[in-house]
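Peer 1: Got a structure for you, questions after.
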Amino acid sequence: MNADLTVVSPQIQAQILAEALPYIRKFHGKTIVVKYGGNAMTEERLKHSFARDVILLKLVGMNPVVVHGGGPQIDNALKKIGKQGTFIQGMRITDEETMEVVEWVLGGEVQQDIVMLINHYGGQAVGLTGKDGGLIRARKMNMPDRENPGKFLDIGFVGDIEAINPAVVKALQDDAFIPIISPIGFGDDGQAYNINADVVAGKIAEILRAEKLIMMTNIAGVQDKQGNLLTDLSAREIDEMFEDGTISGGMLPKISSALDAAKSGVNTVHIIDGRIEHSLLLEVLTEQAFGTMIRSH
């Protein structure tokens, strides 16, 4: 879909709008949670098109909520201080120094970049971390050691979500703002925790009873071992792919969170290619099959 409608004929413009109309009606007033990450966050062209897409969804009556990642930005910041990112099962090992970097990169640089772009194009975005309004209460994660059943790995200040308080998000939605959420949780003692953005997006979608959860990635969707795109995955198929290692690394928390959201009542969960310009609009406002749909059954 080309965002610049001035370069196509009036007939094609009308066709594009007509195709979107049923979806605008269907999703009017509904919450759409978007996990925003990958190339869509780092390439200037994609950053600008994403901001405009989110505004359009808001203008036609939907309630977009954006949960952003920022892995490449964190890695770049760590390199500047002589540190290298290390991951276990898709989770970043987060010592005290790394946690400080995560906080100022996600809650500062990355979040503000998204907010400013959306506001630049006429939207009204507000940035949040888990501390704002008690949004995300977290505790230290005890990661199971897969090589030693019954034992756990200490990966630092990485958090599990204890509770989501959606009041601040709902208040912003009621006042026509677009919430932009950084995946940082806080413990009862005020300790900050780094939480995987896919996990936060899934839980936010569940608590808000979202109509859709859309996860933007750097691949076309979930692929089999031969690299073929799988357009539709059931819970049983996902379990089999976990067992045989088809799904591994950073895809583990992504698929687990997507499946949990589907099982918890989010109507549709999609993993889409964020490298494609306007992929968000293609998913929400057209009939085009796109990425991978996750089913709870």
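Glycine too: its Cβ is placed from the backbone N, Cα and C atoms.
According to Swiss-Prot, the record shows the following:
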SITE      Lys35  site 'Transition state stabilizer'
BINDING   Gly70, Gly71, Arg92, Asn194  substrate binding site
SITE      Lys254  site 'Transition state stabilizer'
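Structural setting of the listed features?
Peer 2: Counting every protein chain shown, 31 other Cβ atoms lie within 10 Å of the Cβ of Lys35 (site 'Transition state stabilizer').
In the structure as shown, the Cβ atom of Gly70 (substrate binding site) sits within 10 Å of 25 other Cβ atoms.
Shown in sequence order, Gly90, Asp198, Met215, Thr217, Ile271 are the residues of the chain, 6+ apart in sequence, with a C-beta less than 8 angstroms from the C-beta of Lys254 (site 'Transition state stabilizer').
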Peer 1: Distance check, please: Cα of Lys35 (site 'Transition state stabilizer') against Cα of Gly71 (substrate binding site), rounded to an integer number of angstrom.
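Peer 2: Between the Cα atoms of Lys35 (site 'Transition state stabilizer') and Gly71 (substrate binding site), the distance comes to 13 Å.
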Peer 1: For the recorded substrate site, whose residues are Gly70, Gly71, Arg92, Asn194, find every other residue on that chain with a C-beta no more than 8 angstroms from the centre of their C-beta atoms, and list them by sequence position.
Peer 2: Gly69, Ile74, Gly85, Thr94, Val102, Leu106, Pro183, Asn196, Ala197
Peer 1: Quiz question: given the binding-site residues Gly71, Arg92, Asn194, which has the greatest number of C-beta atoms lying within 10 angstroms of its own C-beta?
Peer 2: Asn194
